[in-house]
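Report on the following structure.
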Amino acid sequence: MKTVTVKDLVIGAGAPKIIVSLMAKDIARVKSEALAYREADFDILEWRVDHFADLSNVESVMAAAKILRETMPEKPLLFTFRSAKEGGEQAISTEAYIALNRAAIDSGLVDMIDLELFTGDDQVKETVAYAHAHDVKVVMSNHDFHKTPEAEEIIARLRKMQSFDADIPKIALMPQSTSDVLTLLAATLEMQEQYADRPIITMSMAKTGVISRLVGEVFGSAATFGAVKKASAPGQISVNDLRTVLTILHQA
């Protein structure tokens, strides 16, 4: 399988990489959170831009991105606007969503963007091409905070992301039962063994799905999300506990 290298981090080799999400509503909080996060043990910094209040001011958004880049220059920076329909804090038009991601790509400050699969096929394809032309990687994502579809549908979505040339397909689903967690893990394994030619990220959310955040190396998920302070999604555990478990499983 092809790995993805961002800065010096090789995603898709070794233990799953730890992603943490920074959620701050203004530049002052971005700065203070960044200083706190700098001391934590993680691999990729995700900036959840949908928590940022001054979204209409692109200069303000990029000033915040610059603070993150300068505070943690060695960490890959993932720029994520999570739409309201997929569990985010704000709703914006598709046009504004694409423009925001293009501005991030143009800035030269971010290493990766998160691009939601169901934004619209043409817009997704164009944005992937634009990102790649500027040496920015794309995590293509889908989130369902209500349910877990059948394994075939999970695999179909991941394969669609791969067909759109996402560098890393990602899916996060809400289990209604423990068997839903098994469905997600089985789909992950089948995708990884039969179809994936690049790293994928999968997770089952909430307390029921916590096990899926720990066993990625076994079933084929290349990264997992941990919490430095506040969790960005239900079921995340602290980065220190997460690193301990991932290391134990990797060395076993």
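Here the Cβ of each residue, glycine as well, is placed from N, Cα and C on the backbone.
Keep in mind that what you see is a predicted model, and the values were worked out from it rather than measured.
His143 (active site, proton donor/acceptor): 22 other CB atoms within 10 A of its CB, across all protein chains. Swiss-Prot lists His143 with the feature active site, proton donor/acceptor.
Residues annotated as active site, schiff-base intermediate with substrate in Swiss-Prot, with sequence analysis given as evidence: Lys170. Cβ neighbours within 10 Å of Lys170 (active site, schiff-base intermediate with substrate), excluding its own Cβ and spanning all shown chains: 27.
Secondary structure at Trp47 (3-dehydroquinate binding site), taken from DSSP and collapsed to helix, strand or coil, is strand. For Trp47 (3-dehydroquinate binding site), the same-chain residues lying six or more positions away in sequence with a CB closer than 8 A to its CB are Ser21, Leu22, Val30, Ala64, Ala65, Leu68, Leu77, Leu78, Phe79, Thr80, Val110. If you look up Swiss-Prot, you'll see Ser21, Glu46, Trp47, Arg48, Arg82, Arg213, Ser232, Gln236 marked as 3-dehydroquinate binding site.
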* To do: Just give me the nearest neighbour of His143 (active site, proton donor/acceptor) among the recorded positions Glu46, Lys170, Arg213, Gln236, Cα to Cα.
  => Lys170
* If one measures from the C-alpha of Gln236 (3-dehydroquinate binding site) to the C-alpha of Lys170 (active site, schiff-base intermediate with substrate), what distance in angstrom results, rounded to a whole number? -> 16
* Conformational class of Gln236 (3-dehydroquinate binding site) under the three-state DSSP mapping -> coil
* **Three-state secondary structure, which DSSP defines for Arg82 (3-dehydroquinate binding site)** => coil
